[in-house]
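Report on the following structure.
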Amino acid sequence: MVCSLSTGYEGQTNSAGIIVASRVILGVGVGLEGGTVPVYVAETVERRIRGNLVSLYQFNIALGEVLGYAISAMFLRVEGNWRYILGSSLVFSTIMFGGMLFLPESPRFLIHKGKTLDAYKVWKRIRGVETPESRDEFFVMTASVRQEENEVHEGAQNKRFPWMDFFTVPRARRSLIYANIMIILGQMTGINAIMYYMSTLMNQIGFDEENANYMSLVGGGALLLGTIPAIFLMEKFGRRFWAIITLPGFLAGLVLIGASYQVDLKTNLVTVEGLYLTGLIMYQGFFGSYACLTWVVPAEVYPTYLRSYGMTTSDALLFLMSFIVTYNFTAMQDAMGKTGLALGFYGGIALVGEIYQIFFMPETKDKTLEEIDAVFERPTMDIVRENWAGVKQNCVDLVCGRWKKVFVEQGRRRESVLEVQEKTLA
């Protein structure tokens, strides 16, 4: 509703002030959406497809960006085109609003509010209770949420401000640090700055103003296509696989982009455009899969009673970092040079991110949200040691040709639902 109202105003007004105000209101709506949709999906779907469906959210974001580029290109020569470009989002926000009217509340949220019977009815509607596994997961979820609430009520200092547990409870602190460092590293590689300045960047490598707008679809399309493998294979290969594989991919793309700036544009236009566009497609394509993780991981790592606080924090940080990187893009390009920014800064951040993910990223594939709690209960150094042991074993397996073991059989669940239930109820 917030998005629909703001887009309706900005498309029909003649006042610059109203446009700015409408954009601010629209930003509030987008921020609220980003803080709730991934959490809702993570809390309502079964673990076997949780990563796939949360990844679908990033696919729709990328699809919206491509449609935005396409609509801009369609109305490029139309008088007063900005009205159509800004107002077009009213169609999509209205469709989204209509669909959300039919969504039930999250069962975990209802249990957290003491509405266990309502939670059971919703669970039966969206997940079913025909299988023992589904029933077990509901009972484990109920017991886990109540246990968390008992721990909060027993605490002496954080009853009034539960979000303070992010600083005082090790399990909550670990999830906050990990999820947000991952977001910072992803945004600092410049993805949103490149998306916002796409036509300007195309103009820098020789395209005229009109063709630069059309060529923006190349980068947006690559980002969209890059999300598709993660949608279908996120749960098959696991979170660590996608993080570790995609970061070198878009680092290689940044290398090509940086190299294109070293070629003389006047004498080697085709070479410059070929290097740049190849690098851009690689960068955007691999980042499409990585971007799915920036929604999947925060949506599933926080404790139930802190999930709304945590996801809101991660969502706000993502948009804040996007603003910082985008706002300073031209100044950074002037100060560092085109190659220095693309390869030196963005590429350097990608390299740091790769090292961080190898050592500090726990695997949450095929785990219930209650099992993920147990993962983050462990000390960080235990996770680091386990990850390093896994990296060494994977290297040995790759050298010995055991490819299936590395890419298919990794990330097996260490505990069954029954074992988690026994621990929770103990």
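Backbone N, Cα and C atoms are what each Cβ position is placed from, and that goes for glycine too.
Taken verbatim from TrEMBL:
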DOMAIN    1-365  domain 'Major facilitator superfamily (MFS) profile'
TRANSMEM  56-76  transmembrane segment
TRANSMEM  82-103  transmembrane segment
TRANSMEM  176-198  transmembrane segment
TRANSMEM  214-234  transmembrane segment
TRANSMEM  241-263  transmembrane segment
TRANSMEM  275-297  transmembrane segment
TRANSMEM  309-329  transmembrane segment
TRANSMEM  341-360  transmembrane segment
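Here the transmembrane segment (56-76) lies next to the transmembrane segment (214-234) in space: the count of CB pairs under 8 Å, restricted to residues six or more apart, reaches at least 3. Among the listed stretches 176-198, 241-263, 275-297, the one sharing the most Cβ pairs under 8 Å with the transmembrane segment (214-234) is 275-297.
Across the residues of the domain 'Major facilitator superfamily (MFS) profile' (1-365), the predicted structure has a mean pLDDT of 85.
Within the same chain, residues 65, 69, 166, 215-216, 219-220, 223, 243, 250, 254, 280, 283-284, 287, 290-291, 293-294, 297-298, 301-302, 310, 313-314, 317-318, 321-322, 325-326, 329-330, 341-342, 345-346, 349-350, 352-353, 356-357, 360-362, 376 sit at least 6 positions outside the transmembrane segment (176-198) and bring their C-beta atoms closer than 8 Å to a C-beta of that stretch.
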